[in-house]
Amino acid sequence: MSQPDQEAQALAAGFSADAAKTRLAELAKRLSDANTAYHAADAPDLSDADYDALKRENAAIEAAFPDLKRADSPSDQVGAAPAEGFSKLTHTQRMLSLANAFDAGDVPDFVAGIRRYLNLGAEADLPFTAEPKIDGLSLSLRYEDGQLVSAATRGDGAIGENVTANARTIDDIPQTLTDAPDVLEVRGEVYMSHADFAALNDRQAEAGAKTFANPRNAAAGSLRQLDASITRSRPLRFFAYAWGEVSAPLAATQSGALNTLKTLGFQINDRTKTCHSAEDMLAHYASIEQDRADLGYDIDGVVYKIDDLDYQRRLGMRSTTPRWAIAHKFPAELAWTTLEAIDIQVGRTGALSPVARLTPVTVGGVVVSNATLHNEDYIAGRDANGGPIRDGKDIRVGDRVQVYRAGDVIPKVADVDLAKRPENTAKYAFPDHCPQCQSEAIREEGDAVRRCTGGLICPAQAVEKLKHFVSRAAFDIDGLGAKQVEAFYLDGWIAEPADIFRLKENYGEGMKQLRNREGWGEKSATSLFNAIDDKRSIALHRLIFALGIRHVGEVAASDLARHFTTWKALAEIVDQAAPAAEAHRRAEDAVLAERKAAADEGRRASLQPQRDKAWADTPEPAKAAWDDLTGIDGIGATVAVSLVTTFQQARERASIDRLITELTDIQPPEARATQSAVAGLTVVFTGALERMTRAEAKARAEAMGAKVSGSVSAKTDIVVAGPGAGSKEKKAKDLGIELLTEEQWLDRIGDA
């Protein structure tokens, strides 16, 4: 395992659930911004190495805390919303991104995971294709009756930019096809060769025009010209590697389908190879990496795909990535520089995050002057359990440090050279008070992060909460971004979300008017007021996410919205669950104390009596509400406690209630598939499944509109019980819930 992977896993292991949730939120925001810069603006502010390692840390935390995975998780994001200036095209099948492998050990893990999912033994032949990952711009070409009718960029995966006129100017893209299916969407990568890129930049320089930073930027900028004649003048190329909607199968295998595309006239990468083991895949990866500089175009890794298309169908998709493919990325780069200072930033949840200020250094073609230091343990050279990292070397101001382009919120400091440490340097003393409001900053047991206790009196937290409220996945108010929110807060115009909806009332007329602020006018002020009024009607999952409740990301917000469907129902259950949440806290504390006492006394811990005692006086309605909350698939005790804590804090609850009064319509979630026998039903799988794995069963049930829960309750409709079902099967019988065998379930969904 590589050093960056080890560090990422060590950091993830040291996180408490609260700290992990906070970190995932930070990563999600930074990567969302990077996606917009990369896909929509053709002006990336992170290199591929930065971006990939950002996602690597996110993946490590998600692996350690799978229940905390967010709806806006970087591993679930595809591209960015289409830019203004182009009409939009909706993809009939989403253009997905790929999961990443960053280390050689990830590849056999990927293969083993697929074998487990498909219930394939080690002896079963399992071919993969391995092809270079082109560093360009993804494009989808739609052909109907052999004619090119449209071309669209990836966009956000669901909707892309209509670049049909520009695509027609690319020589590698056929205008007509012979003997093609009636409907065929061909997907691939628009790119520019090294030679063509150099020649283009020479012409740009001679004309006094802007030159491009790299071939990828040149290709993306050229394809996304509003004037197709400019695109025609640029030497763009296209490799086909996949397909979307197709009216007739291209082949039975990935490799066969690529050959079909080649026969139809598309350029297929000739370094694509079929491999029969992880060892073959890694050998081909090494071969391509060795030849990388001589290929004549940029690549940033190798893509592995299951060759058998029936297996691809069975494996299916995650939210934004296929289970049957992975991109094995080339390693990032390192550089050494001097740590000039350590600054402390305060986040939305009060987390104190140390940031290294560095002597600027070029790492992989990008100048880096800031890097993350994660938390106080990382600076001290230890993990959250006290174990050493970096061989226990601490980090001090003045040190010579190694910067890894891991793309945290910023790149990260990976190592320190003690031989070059200046004399008389002092160990860094992490602050125990908030640098913004001077409130005490405490570190709770089990938490890797120190947090400001100031709450809403802390300006840093208040501003970050407001920024979160207007973020893209929350209320997403047109014309009201982070910059405007911060300015309004600093001037005393807004202090909480409800104030946003009173801006027109307070600053539309009178002495202090929005239209008279610098940078504003009559038209822009009116547009903002209208945009705010438009968001008085909001989807329930967006409202829940916008509140910025700790541990409640987009995934949890969507799960809660689907389960409760109305704000009133959610609020009532959370309120009713308050005594149970307190009992849960008491039980956790009691169990921890009992474990410690048992260890000190050399005896076996007696945990259940401690839990029973803590829960003894809890009212039954509170227990039922708690079971309702924690029984939602993906919503555990950590999220439930966080919800209750927020709702029980008088100031927070009053702020939420004021917001609710400003809203006119809270929309229930859109219904999932309704044309199946199990749509809308809550299903629990228990025991051993023989025809499919648990993951496959869950994915197929959800695809048919069912809701899969991890626990049996009165709201459960069906329990699918295999051998060894145990207590869940018994509870289903006691509650009179329909029990099905695996065969009966498959018969019910029409897949026996």
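Including glycine, each Cβ sits where the backbone N, Cα and C put it.
Quick caveat, the model's predicted, so the values are computed rather than measured.
As given in Swiss-Prot:
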BINDING   ASP48, ALA49, ASP50, TYR51, ASP52, SER97, LEU98, GLU131, ARG154, GLU189, LYS305, LYS329  NAD(+) binding site
ACT_SITE  LYS133  active site, N6-AMP-lysine intermediate
BINDING   CYS434, CYS437, CYS452, CYS458  Zn(2+) binding site
COMPBIAS  599-615  compositional bias 'Basic and acidic residues'
REGION    599-618  region 'Disordered'
DOMAIN    673-752  domain 'BRCT'
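The number of other CB atoms found within 10 A of the CB of CYS452 (Zn(2+) binding site), across every protein chain shown, is 27. Distances between the Cα of LYS133 (active site, N6-AMP-lysine intermediate) and those of the binding-site residues ASP52, ARG154, CYS434, CYS458 are shortest for ASP52. Comparing C-alpha positions, CYS434 (Zn(2+) binding site) sits nearest to ASP52 among the binding-site residues ASP52, LEU98, ARG154.
Within the set of binding-site residues CYS437, CYS452, CYS458, the entry lying nearest in space to LEU98 (NAD(+) binding site) is CYS452 (CA atoms).
Geometry remark: CYS452 (Zn(2+) binding site) versus LYS305 (NAD(+) binding site), CA distance 47 Å. Rounded to a whole number, the C-alpha distance linking ASP52 (NAD(+) binding site) with CYS437 (Zn(2+) binding site) is 35 angstrom. A straight line from the CA of CYS458 (Zn(2+) binding site) to the CA of ARG154 (NAD(+) binding site) spans 41 Å. What surrounds the Zn(2+) site, by Cβ distance within 8 Å of the Cβ centroid and not counting CYS434, CYS437, CYS452, CYS458, is the set VAL346, GLY350, PRO435, GLN436, GLN438, SER439, ALA441, THR453, GLY454, ILE457, PRO459, ALA460, GLN461 from the same chain. Of all Cβ atoms in the protein chains displayed, 23 besides its own lie within 10 Å of the Cβ of ASP52 (NAD(+) binding site). Most Cβ neighbours within 10 Å, among the binding-site residues CYS434, CYS458: CYS434 holds that distinction in the structure as shown. Shown in sequence order, CYS452, GLY454, ILE457, CYS458, PRO459, ALA460 are the residues of the chain, 6+ apart in sequence, with a C-beta less than 8 angstroms from the C-beta of CYS437 (Zn(2+) binding site). Taken residue by residue, the domain 'BRCT' (673-752) breaks down under DSSP into 26 helix, 14 strand, 40 coil. In the three-state DSSP classification, CYS452 (Zn(2+) binding site) falls within a strand. Long-range Cβ proximity for LYS305 (NAD(+) binding site), meaning a same-chain Cβ under 8 A and a gap of 6 or more residues, is found for PHE128, THR129, GLU131, GLN254, GLN312, TRP324, ALA325.
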